[in-house]
Amino acid sequence: MSHLASNITDTGEGLTKGSLVWVRSSSSVSWQAGELRGLEGSTAQVWLKATGVVATFEASAVLPANPTIQEAIPDLTHLSYLNEPGILCNLGRRYAEDAIYTFAGPVLIALNPCKALPLYTTEVANTYKAGARDVVQAASLAPHIYLVAANAFRRMAREHASQSLIVNGESGAGKTETTKKAMQYFATLAGGTGVEGQVLETNPILEAFGNAKTLRNHNSSRFGKLIQIHFNSSLHICGACIKTYLLEKSRVVKQLPGERSYHIFYQLVRGASPSMRAALGLPTHPRSFAFLAASGCTDIEGVDDAAEFQAVCEALGDVGIDSQLQASLFQLLAGVLWLGNLQFEADPTDLGNDATLLVEDTASQAVCGLLGVSHASLSAALTQRRIVTPSEVVTKLLNEEESKDCRDALAKALYAAAFDWIVSRINLKLDTGKKGSGLSISILDIYGFEQFTTNSFEQLCINYANERLQQQFTRHLFGLEQQEYEMEGIDWTKVEFVDNQECVDAVEQVPPRGLGVLSVLDAQCRFPKATDATFLTTLKMLAWAAAAAVRVQEALSGHTRFSVSSRTPREFTILHYAGSVSYDSEGFLDKNKDTLNADLVELLVGADVSVSPLVPSLGRALKEEAEANIRRGGQTVGSRFAQQLRDLVQDLDTTGLHFVRCIKPNAALKPGKGSNLISSRCSSPSHWEQ
């Protein structure tokens, strides 16, 4: 039976002179293979394979190595010693042989190969079809995403209960590709109605409009998605539904150096036909647009944006967005790009103040023509703000920075509304109607844990989502399983595990139980004169109160996971399960409130429907959502996202859960390099020679 290996000072693990071991010095992060030569108290003498010398180590730094016969086995739980170097060595050996899938009991570990592999052919899919029907045949198959999907399908059919695949891992680990492979398998396994092709066509669409190049990943999902695949009474695919979570709207107007905005912008600029290019006033290169040029990156190595655009157009047609609707959609996208080129100048009639006017030039003419608004109405909406009081309506003149902020807010709102419209059209096309049996298999692909040089509100939300899912993962695999053992009276040894509830509380907890970062942020958003600085000051006060055990019940929840440093005046730090992340508080309040000036909404609602039918429709949708939010009490982005996550976890818990943990093998995403897994000094200890 497999067991967790402790260091030799605990039990010795049966180690004697000549035992194969792993060692690591206090100054190193890498494990080295060796052979135990002797034990003297708290020290051990180990012959090192890499150097051929005998060195002395603390006994606590020595772990037993697995026997040669267990090299590169497909299930980690079958290792004699389930310790860190043993796991890394096994994964590294399999990765070197292009065996990217390994089981860890019920969990599939998927290493990103960073290259194409012949693992997803029709022949391979047909091999795994048997596993969806017969548990015995499934047990004989090698680890694969197809096998996890087959197990989910078999349980759905056998137990008549919906299932879920939870695909997680850091950015660049291959979650999106893994999700696509699972969907392709279900289409092969349970197709035949014709709907499966439309379900697969959602992938290029969602990637084009929701994915972007980041510093860590060339195709990073900048939103979360849950794809529910529905089955009829014959267990064939009869429809699907897509739920999305927190699109990163700020990427539309600003990216970090070396990153790109959403793929669709570059695809449109490079792939538009001559007639479309002329109609939309598109230049031949993305650098002509300020929103795309500022990051200094407009290309992805090996990616043909023009060819991708044609594929996206075909996919849009397949899900019911015809050529006329596509023309209106691309017209809106071009309008968003031209918004970034708008310029403002000082108002000569407003002497002594900072009032501005919209410059009437090529960019403003393009925006007006594409969005169906007049120059006067566009200028007024961007350079003025009406403030409604109980007794009167006051018009505030905006300075240049405020006008640019309005311009950016308009661009972000338009793009996000277009994204939601696309998802709603897809769901309308894939709606099951009365054909469904009530059974479904959901695939969750949500953004991976992120840590950059500068981390903002988006990273806090993304990492909070990962905390929530990590909590579900550990509770399901350890807590719930152990509860089941106890109820069934099974003789077993209780396994202690670390629950990250303290970190979840540090982010989300609400009064009267305590205050989390999002609760503090929401409270600050309700104060008219609150700023990012007052938000951080409040966090500091609560953290200090918690540290001093003063009124702890009102202090920041999970304070051991939260800290504020005086050396970085704008930052606060949260110790997540995946590591410590410092967040820059600048912009937190605006991003959390995410309010769109009512004048901008009215600008869109009043757009000429004969010029751009989509713009006024999206304007009405934005207006209805704003009014609904007021009725809800003014829900912020953070509180809405927290509620979405709670609902998501609750929904997932009603289904059978299947976990896929994706791993990024190296920071550069280069094929054949597993530096994140194991160093060259942590090679397998088999076939040694002194």
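Glycine is no exception: its Cβ is also placed from the backbone N, Cα and C atoms.
Taken from TrEMBL as is:
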type    : residues                                                       : note
DOMAIN  : 71-690                                                         : domain 'Myosin motor'
BINDING : Gly169, Glu170, Ser171, Gly172, Ala173, Gly174, Lys175, Thr176 : ATP binding site
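Remark: Glu170 (ATP binding site) has Arg216, Gly448, Phe449, Glu450, Ala578, Cys662, Ile663, Lys664 as non-local neighbours, by Cβ distance under 8 Å and separation of at least 6 in sequence. Apart from the site residues Gly169, Glu170, Ser171, Gly172, Ala173, Gly174, Lys175, Thr176, the chain places the Cβ of Asn112, Asn217, Gly448, Cys662, Lys664 no farther than 8 Å from the centroid of the site's Cβ atoms, the recorded ATP location.
Working note on the binding-site residues Gly169, Gly172: by count of other C-beta atoms within 10 Å of each C-beta, Gly172 ranks first. Under a cutoff of 8 A between CB atoms, and with a sequence separation of 6+ in the same chain, the neighbours of Thr176 (ATP binding site) are Glu207, Asn211, Asn219, Ser221, Asp445. Taking Cβ-Cβ distances under 8 Å and a sequence gap of 6 or more within the same chain, the neighbours of Ser171 (ATP binding site) are Thr214, Arg216, Asn217, Ser220, Tyr447, Gly448, Phe449, Glu450, Lys664.
Counting only residues at least six positions away in the same chain, the Cβ atoms of Ala110, Leu111, Asn112, Pro113, Cys662, Lys664 sit under 8 Å from the Cβ of Gly174 (ATP binding site). For Lys175 (ATP binding site), the number of other Cβ atoms no farther than 10 Å from its own Cβ, over all displayed protein chains, is 26. Summarising the environment of Ala173 (ATP binding site), the number of other Cβ atoms within 10 Å of its Cβ, over all protein chains shown, is 25.
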